[in-house]
Every structure is written in C-alpha cells, then in structure tokens.
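Working notes, beginning with the structure itself.
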Amino acid sequence: MKELIVDLGERSYPIYIGEGMISGISGFFEKHGIRKASPLMIVTDEHVAARHLDSVANGLRAGGFDVVTKIVPSGETSKSLAILEDIVTDALQAGLDRSSCIVALGGGVVGDLAGFAAASYMRGIRFVQIPTTILAHDSSVGGKVAVNHKLAKNVIGAFHQPEFVLYDTSTLNTLPDREVRAGFSEVIKHGLIWDAAFVDWCRDHADRLLALEPEALATALYTGCKVKAAVVSQDEKENGLRAILNLGHTIGHALEAVAGYNELLHGEAISIGMVGAARLAMKLGHPESIYRETKEILSRFGLPVRLPEHMDTEQIMSAMMHDKKFKEGKMVFIIPTAIGKVEINHQISVEWVRETVEQLKREE
Ligand SMILES: NC(=O)c1ccc[n+]([C@@H]2O[C@H](COP(=O)([O-])OP(=O)(O)OC[C@H]3O[C@@H](n4cnc5c(N)ncnc54)[C@H](O)[C@@H]3O)[C@@H](O)[C@H]2O)c1
Ligand SMILES: O=C(O)C(=O)C[C@@H](O)[C@H](O)[C@H](O)COP(=O)(O)O
Ligand SMILES: [Zn+2]
C-alpha cells in the first residue's frame with residue numbers, strides 16, 4: 001500500500017492506494033475515528049453497487065458499524081438537486097445525525113454528489129472517499145464537491161475535504177474500456193500541467209496502463225494524486241494556483257453542458273478541451289510541438305481529440321459564459337507553455353475561442 005498526505009493543516013488527510021484494502025475496510029474507519037454509534041450511509045450508483053457494494057457494506061457491518069446504503073442511477077445526470085434531496089430524505093429517515101459519516105463509493109459522479117450531501121447535510125458531516133474509477137484519482141482528492149445545473153457544470157457546490165481516501169485499485173478491474181480511457185484523460189492532464197517526465201512515462205507505458213497492469217496502474221494513480229495533492233495543499237480554495245487543474249475544462253465543461261451531460265464522458269470532454277487549450281497556446285506564439293504532443297498522447301490512450309460536428313458553436317460559447325471560469329467579463333484559460341508547464345491566462349479573446357471551437361470540429 002502507498003500513502004500520500006494532502007497537507008491542509010487541521011484538515012490534512014491521507015490517500016491510501018493499493019490492492020485489496022477493502023477486505024480490511026473497518027480498520028481504516030476505526031483508525032480515523034468514524035463513529036459506530038451513529039448510522040453511516042454508503043452512497044453509490046447502480047453499476048458500482050452490483051459489483052462492489054456488498055464487500056464494502058459487509059466489511060463495515062462486520063466491524064460493528066451501523067450501515068445504511070443509498071443507490072443512485074449511474075451517470076452524470078445524478079449530479080442533480082433532485083437526487084441530492086432524495087439522499088437527504090433517506091439520510092433523515094435512517095437517522096443520520098451530526099456524528100454520522102457519508103461514504104462515497106464510486107467514480108467522480110458519486111464522489112461529487114455524496115461529498116456535497118455531506119457538506120450540506122445538517123450544515124456538514126464527515127465523509128470518506130472510496131474511488132472506483134481511474135478518473136476518480138482526481139475527483140476524490142481536493143474537496144471540490146458539487147451538483148450540476150442544466151446551464152452549467154458544478155455550479156452548486158462547496159469545498160469539503162474527506163477524512164481519508166481509500167483507493168483500492170482492485171475495484172478498477174470491472175471498469176468498462178471506455179471509462180478506463182476516459183480516466184486517463186485526467187491522469188495525462190496532471191502530467192501536462194506539472195511533470196513532463198510523467199507524460200513521457202505514460203506514453204512509454206500506455207499498453208500496460210490500458211491493460212490495467214497493477215504495478216503500472218498504481219504508479220500512474222500515485223503520481224496523478226501526488227500532483228493533485230501538491231496543488232491543493234498550496235491553494236485549497238482556488239484563489240490562484242489551483243486553477244491550473246482546470247486545463248481543458250473551460251471548453252470541456254461547456255461541451256458537457258451542451259451535450260446534456262450524456263453524450264461525452266467528462267474525461268472525453270476534457271481531452272477535446274486540452275487540444276483546444278493547446279491550439280490557443282499556438283495562437284499565443286507557443287511552439288506547435290505542444291499542440292502536436294498533446295494530441296498524440298491523448299490519441300495514444302484512445303481519447304477523442306475532435307469535437308462532434310453537430311455541436312453548435314454558439315451554444316458552446318454561451319455555456320462557457322455560465323461557467324465558474326468566466327470572471328469579471330473574461331474567460332479564464334489554462335494555457336500550456338511547454339509540456340509539463342501551464343499559465344493562467346485571462347486575456348484570450350472571445351473570437352479566438354470561437355475560431356478554436358470551429359477548428360476542433362475539423363481536427364484530424
Ligand atoms: N471534484 C473534483 O475535483 C473532480 C475532478 C474530476 C472530475 N470530477 C467529476 O467526476 C465526474 C466523472 O467521474 P467518473 O469519470 O468517475 O464518472 P462516473 O462516476 O460516472 O463513473 C463512470 C461510470 O463507470 C461506472 N463505474 C464506476 N466504477 C466502476 C467500477 N469499478 N466497475 C464498473 N463500473 C464502474 C459508473 O457507474 C459510471 O457508469 C464528473 O462529474 C466530473 O465533473 C470531479
Ligand atoms: O480539483 C480541481 O480544482 C479541478 O479543477 C479538477 C477538475 O478535474 C474537476 O473536473 C473539477 O471539478 C473542475 O472544477 P470546477 O471548479 O471547474 O468545477
Ligand atoms: Zn475534471
């Protein structure tokens with residue numbers, strides 16, 4: 001088992017990464033002082049419940065925890081106020097109190113949703129992240145929790161850090177291939193913003209990673225989490241540096257919103273968005289090689305680099321204006337200035353963005 005610390009003073013917490021840790025799950029909860037006298041709610045989705053809920057719930061019950069479960073539909077549309085209210089109803093009926101804990105068992109959708117339920121239930125209770133997707137190496141760390149609005153992603157949310165993250169990589173073996181690839185989009189993002197050598201390493205180990213070879217996978221997830229933890233530790237609430245984690249998200253979030261949160265997976269939208277950011281970098285005079293290498297590494301992992309042609313450019317432009325990244329009348333873009341380095345840019349013109357969106361539809 002590998003361990004990393006997200007260093008946030010009194011809100012610091014560990015990320016445990018390893019295979020098979022769910023078999024000793026109650027020990028982790030005891031170690032972190034999770035109460036046995038109050039009910040604990042596991043929130044998960046249908047796909048994950050069918051595969052991993054029994055081992056988690058039974059393990060906790062065997063350790064003396066009073067466990068209730070809540071299963072939500074799988075997919076991005078569950079990040080909604082309606083599902084949040086449903087969770088709160090169940091939590092009240094099951095008697096969750098201010099000493100209770102919510103456990104997010106699943107990918108980023110469940111993590112964001114259950115995390116926001118924990119942040120808002122009775123003005124905030126404890127929560128634990130048990131990520132089950134590759135993408136969730138990103139979403140389970142850092143405390144951004146939220147649900148979506150039909151006009152924009154993640155606009156109803158909070159910062160609420162988990163007690164700990166238990167990343168049992170054996171759960172990843174049941175992931176569908178498309179979700180595996182989508183997850184690597186954010187892994188690659190962590191390299192593109194911070195660590196050029198990690199991008200090279202991902203390229204060299206792509207086949208092993210896509211085959212979920214345990215040692216390579218654990219290294220990739222550990223390195224991705226390490227970048228995320230380093231950034232979050234320096235800027236928990238995104239007053240500056242943390243914005244770099246948004247590489248590809250200015251365009252990516254707009255694509256998800258316009259597609260109605262069902263056509264493109266988050267990782268796929270971010271892949272296209274990162275190509276868009278690399279195109280904008282070229283317009284700013286940065287080397288063409290950044291754009292070429294960004295596209296190459298994403299394609300190597302089978303990720304989309306071209307925007308579906310039927311998506312309406314003006315709708316995408318309008319969705320960008322509703323995003324958190326539109327501030328003081330300007331769009332905020334994370335621009336790669338080299339592989340492994342980015343800058344936060346507030347000066348990108350709307351016309352350049354429109355042109356880039358059009359170009360993304362013609363990407364080879
Ligand atoms: N809070 C953050 O910092 C942060 C960071 C990145 C992404 N996100 C959010 O994360 C979400 C995307 O997360 P995701 O890609 O994990 O999607 P997801 O949670 O929808 O999971 C993807 C799919 O895989 C299924 N699944 C999950 N684990 C499985 C397993 N082990 N075996 C089989 N099937 C499994 C799910 O049921 C779902 O159908 C987006 O909403 C995005 O906005 C948040
Ligand atoms: O943790 C962060 O900060 C990130 O930006 C990570 C992103 O991968 C993630 O998708 C996040 O939810 C986007 O943040 P938002 O504030 O733009 O919603
Ligand atoms: Zn993301």
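For all residues, glycine too, the Cβ spot is worked out from N, Cα and C.
Remember, predicted model here, so these are calculated numbers, not experimental data.
The domain '3-dehydroquinate synthase N-terminal' feature in TrEMBL is assigned to 71-181.
Sequence-distant neighbours of Ser74 (NAD(+) binding site) (same chain, 6+ residues apart, CB-CB distance under 8 A): Asp45, Glu46, His47, Val48, Val109. Feature annotation from TrEMBL assigns NAD(+) binding site to 74-79, 108-112, 132-133, Lys144, Lys153, 171-174.
Annotation source TrEMBL lists domain '3-dehydroquinate synthase C-terminal' at 183-325. Each residue of the domain '3-dehydroquinate synthase C-terminal' (183-325) gets a DSSP state, and the totals for helix, strand and coil are 104 helix, 0 strand, 39 coil.
For His266 (Zn(2+) binding site), the same-chain residues lying six or more positions away in sequence with a CB closer than 8 A to its CB are Glu76, Gly108, Leu135, Ala182, Ser185, Gly252, Glu256. The annotation Zn(2+) binding site is assigned in TrEMBL to Glu186, His249, His266.
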- Message: Measuring Cα to Cα, how far is Thr77 (NAD(+) binding site) from His249 (Zn(2+) binding site) in Å?
- Response: 18
- Note on the structure: What remains of the binding-site residues Gly108, Gly111, Thr133, Thr171, Thr174 after requiring a CB under 6 angstroms from ligand 3 is none
- Message: Please list the binding-site residues from Ser74, Gly108, Thr174, His249 whose Cβ falls under 6 Å of any atom in ligand 2.
- Response: His249
- Would you say which of the binding-site residues Gly108, Gly111 has the most Cβ atoms within 10 Å of its own Cβ? Gly111
- Additional residues surrounding Zn(2+), by Cβ distance to the Glu186, His249, His266 centre under 8 Å: Leu135, Asp138, Ser185, Lys189, Gly248, Gly252, Gly267, Ala269, Ile270, Gly273
- Those binding-site residues among Ser74, Thr133, His249, His266 lining ligand 1, judged by a Cβ under 6 Å from any of its atoms, are Ser74, Thr133, His266
- Sorry to bug you, but what's the C-alpha spacing from Glu186 (Zn(2+) binding site) to Thr174 (NAD(+) binding site), rounded to the closest Å? 19
